[in-house]
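*Asks:* So TrEMBL lists the following for this protein:
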type	residues	note
ACT_SITE	Thr252	active site, nucleophile
BINDING	Arg280, Val281, Gly282, Asp283, Thr303, Gly304, Asp305, Gly306	substrate binding site
SIGNAL	1-28	signal peptide
Amino acid sequence: MGRSRRSYARLLLLGFLLLRFSWCLAVADDGGGAEEGGGIFPVVVSTWPFREAVRAAWEVVSASGGAGCSAVDAVVAGCSACEVLRCDGTVGPGGSPDENGETTLDALIMDGTTMEIGAVAAMRYVKDGIRAAKLVMDHTEHTLLVGEKATSFAISMGLVGPADLSSPESIGKWTIWRQNHCQPNFWKNVVPAGSCGPYNAIDVPSGESKASAKRVLERTQGDICQGLFEPNNLLEPMNSRLKIVNRHNHDTISMAVIDKMGRIAAGTSTNGATFKIPGRVGDGPIPGSSAYADDEVGACGATGDGDIMMRFLPCYQVVESMRRGMEPRDAAMDAILRIARKYPDFVGAVFAINKKGVHAGACHGWTFQYSVRNSSMQDVEVITVSP
């Protein structure tokens, strides 16, 4: 009789633990976001309130008829929808002109089951960034193709092109920027500092004082450089990154999907930083920076100042932290804080989702939102995370 009671108690405890793992109550946000959801597959998570992109991915991954479509197919569908809709002007063609007024695309897709990745960077004349990335994954042994050769590959594999990726909006934005003497921009330690290029490097000898460096500029640029420098950042224009980097000109859709079979995929698509130096590649097509996925652990997506964030591979860090036992919220906060300790003025965010479907977000320098849909929801829900 005693043994029977002990067995019954163990069953009750097991049931309670299973319930705890299936549902995770949202916790208060004290600087990094909340953990929500869990155990209800499929799941789609995306940066920002890109509801239509999440709906497109959900339609694919939740399709009736057995297992539905794969997580990889859903990510491609979701990011493709954002490219067509030109989400925030920062995804797909028609936005974020570079210094020459041209729009180029970066994209990545990662299969968390096989760890295969396909990516394209600085791709010209082809509108389908995420589909081009999937073609790289499906039909080559490579991970990343770039520039015009990425364009040639994508067209040879059946994507439409060549096509003009500019739009009246992007050309208008670029024209106004040129009229404003190409300010702000991403150059540093160059002359002319206050007008359009071509630029030349300033050779400042090691150990020379900030005052001496300023005199070099003043000799060549007169009074235009007065007041452009921060106290602790030699030759770095004051708040230049803060002027350039914000939600609507330096952004990415990053998406993760867990399908009905528990397979996980992640992907990104972006047209990069507005007024970037031609040839620049941000974090969008860099595995482990903009996105990362592993069926054994979970996935991550990132958005923000890719030039800073890619130096830390925040999404790889998030997934590895979860592998070591961190909850998604703690893993996301840890990745962001690692960057903030070195770059206290950076702007960025990540979301994390573990293989149980528990998700969370963390951000720095702005208020971040991410979108979620799972089988317990009637539609996409948007979660706000404060810095």
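Placement of Cβ uses the backbone N, Cα and C atoms for every residue, glycine included.
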*Asks:* Which whole-number value in Å describes the distance between the Cα atoms of Gly282 (substrate binding site) and Thr252 (active site, nucleophile)?
*Replies:* 10
*Asks:* Cα-Cα separation of the residue listed as 'active site, nucleophile' and Thr303 (substrate binding site), in Å?
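*Replies:* About 5 Å separate the Cα atoms of these two residues.
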*Asks:* Determine the Cβ neighbour count for the residue listed as 'active site, nucleophile': the number of other Cβ atoms within 10 Å of its Cβ.
*Replies:* 32
*Asks:* With Cβ-Cβ distance below 8 Å and at least 6 positions apart along the chain, what are the contacts of Thr303 (substrate binding site)? List them in sequence order.
*Replies:* Thr47, Trp48, Asp251, Thr252, Ile253, Ser254, Ser290, Gly348, Ala349, Val350, Phe368
*Asks:* Mind telling me which of the binding-site residues Gly282, Gly304 has the densest Cβ neighbourhood, counting other Cβ atoms within 10 Å?
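*Replies:* Its Cβ has the most other Cβ atoms within 10 Å: Gly304.
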*Asks:* Counting all other Cβ atoms within 10 Å across every protein chain shown, which of the binding-site residues Asp283, Asp305 scores highest?
*Replies:* Asp283
